[in-house]
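Some notes on the structure that comes next.
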Amino acid sequence: MEHPDVLIIGTGTAGQSCAADLVKAGYRVMIVEHSDRPGGVCALSGCQPKKWFYEAAETVARSHHLQGKGITVPPSVSWEQICAAKNEFTDQVPGDTVKNLKESGIEFLQGMARFTGPETVTVNNTVIRPRYTVVATGAIPMSLPFAGSKYLASSSEFLDLKTLPGRLALVGGGFISFEFAHFAVRLGMEPGSVHIIETADRPLGPFDAEMVGYLLEATREAGIQVHTNHSITGVEERESGYQVAFESGETMTADMLVHGAGRIADISDLNLDTVGVAHSPRGIEVNRSMVSTNPDIYAIGDCAATIQLSRVADFEAHIAAEAIIARDANKESPLINYDTVPAVLFTYPQLGMVGKTEDALREEQIQYRKSSGSHLDWPTYRRVGMHHAAYKILVDREDKILGAHILSDNVSGLIAILRQAMLSGTPIPELYRNSIMTPYPSRESDLIYMLKSLLD
Ligand SMILES: Cc1cc2nc3c(=O)[nH]c(=O)nc-3n(C[C@H](O)[C@H](O)[C@H](O)COP(=O)(O)OP(=O)(O)OC[C@H]3O[C@@H](n4cnc5c(N)ncnc54)[C@H](O)[C@@H]3O)c2cc1C
Ligand SMILES: NC(=O)c1ccc[n+]([C@@H]2O[C@H](COP(=O)([O-])OP(=O)(O)OC[C@H]3O[C@@H](n4cnc5c(N)ncnc54)[C@H](O)[C@@H]3O)[C@@H](O)[C@H]2O)c1
């Protein structure tokens, strides 16, 4: 029997961050991983690898916009080279992960972890009785309710393709489908051959509806077909390709179908019911210190019923580690706050947001003022030939930001500034004044144009 202070299940970004904090604080930490490729989704098949495709796609898209503005021949693309560069990165991840864990003094155990008693976890034949367990098992594509869903490839399989298919249908109109569709049409697929199939009446539910509308214009202009209100009833493999049947009676044929219809917590094999950990299809229920309904078991990252983003997973990991340390020291637990979680969709243009959408403010009957603009023809966008850029900033009665939404070719800088203003409660007049002396001309120096109408 092993008796670590803390057992962490999963070596993704959440598990690694939590383990690093706890070992630094002097805890005996053991981490378990069942995959023969430790390191987690973000590094191996999510945020990082997809960015290799995004960067090349951005260059292609931008060069097309710049035709007639100095670019005469848009670049030609090698999918194979992008994959090789991406694989050079991902191939290092499993080895580096284990090496870093061990060098930091974290005990690494290969195997599938399961709760086998009220206070025990078993990995292979090793029984572990930790003081605390942190579940960081991530998420997997959710199972879909139609016949033939087995024909859908996962996002990881798509990122490992040797060549792009002739016709591609992405099932689900969320983050994964939009990002993949945008880079697939820039990296070799013919306009019109990429489809996004969304069951709801609009895609990208968490984003501001009006901003999504502007992104949809750019998406369609890039040659991507977006089908909303389309419920799949079945998929069949035919000689001509995969035939997708819809509730309406329509059909569509594609050479490849990819799952982009949501991911659910990877917790079904853990035996959570034996240890009294409440969970739902959204994941493990946690309080604001990441404690589950069992006080000795924490849940962080994609397996917790919170938000599935990498840096949210990391932040939750730090909160859980701090909460464990605080508990042992009889101090108050830290609490997480999700009010200013930023999200960026890596399409071209990118769509970024922080805080609330306009719909949410209306629904919650929160009074607000807004400054917004679309199809911006500021020099920033004229220079790069982008005519879909848009923004929306929502403020309360005290001039503090409630939500900010940007559609641009590089949104992260602006979203980070607006998020900092939210965190520090900076009122608009002060943010405007601080933003005058910004490096100029840049995306960020345009902020004063966005804020000006809010000064009245
Ligand atoms: C295609 C794609 C693109 C993405 N892009 C972005 C992005 O641009 N920005 C962003 O913020 N987020 C992005 N995300 C989301 C981000 O990847 C996740 O939020 C993040 O990886 C979650 O980390 P995690 O540590 O919670 O889980 P994971 O990284 O999934 O790690 C969980 C680990 O636990 C292991 N495990 C599971 N069960 C057990 C068990 N019983 N015993 C032992 N080990 C177990 C798994 O094998 C895995 O290694 C993307 C996701 C995908 C799929
Ligand atoms: N840039 C980023 O930060 C980034 C990129 C990729 C993924 N992610 C994370 O990974 C998570 C999973 O991504 P995702 O794109 O799979 O999910 P998602 O939750 O973003 O979108 C899923 C979409 O699929 C739709 N859907 C559900 N069932 C369907 C069906 N049967 N047919 C058609 N449509 C259906 C939903 O209505 C929804 O719009 C995201 O929620 C996000 O948190 C983040």
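Using N, Cα and C of the backbone, Cβ positions are placed for all residues, glycine too.
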Original post:
Looking at TrEMBL, Gly172, Gly173, Gly174, Phe175, Ile176, Ser177, Phe178, Glu179, Glu198 are annotated for NAD(+). Which of Gly105, Gly111, Gly117, Gly262 sits in that same site?
Top reply: Gly262
Original post:
With reference to TrEMBL, which of the candidate residues Cys18, Cys47 participates in the disulphide bond with Cys42?
Top reply: Cys47
Original post:
ligand 1 is in the model; which of the recorded positions Cys47, Gly172, Gly174 have a C-beta less than 6 angstroms from one of its atoms?
Top reply: Cys47
Original post:
Can you tell me how far the Cα of Cys42 (disulfide bond) sits from the Cα of Lys51 (FAD binding site), in Å?
Top reply: 11
Original post:
Within 8 Å of the centroid of the Cβ atoms of Gly172, Gly173, Gly174, Phe175, Ile176, Ser177, Phe178, Glu179, Glu198, Gly262, which other residues of that chain place their own Cβ, given that this set defines the recorded NAD(+) site?
Top reply: Leu170, Ile196, Pro203, Leu204, Gly260, Ala261
Original post:
Over the domain 'FAD/NAD(P)-binding' (5-313), what is the model's average pLDDT?
Top reply: 97
Subject >> Alpha-carbon distance [Asp302 (FAD binding site); Gly174 (NAD(+) binding site)] in Å >> reply: 16
Subject >> Rounded Cα separation (Å) that holds between Gly172 (NAD(+) binding site) and Lys51 (FAD binding site) >> reply: 20
Subject >> Of Cys42, Cys47, Ile176 (the recorded positions), the residue whose Cβ has the fewest other Cβ atoms within 10 Å >> reply: Cys47
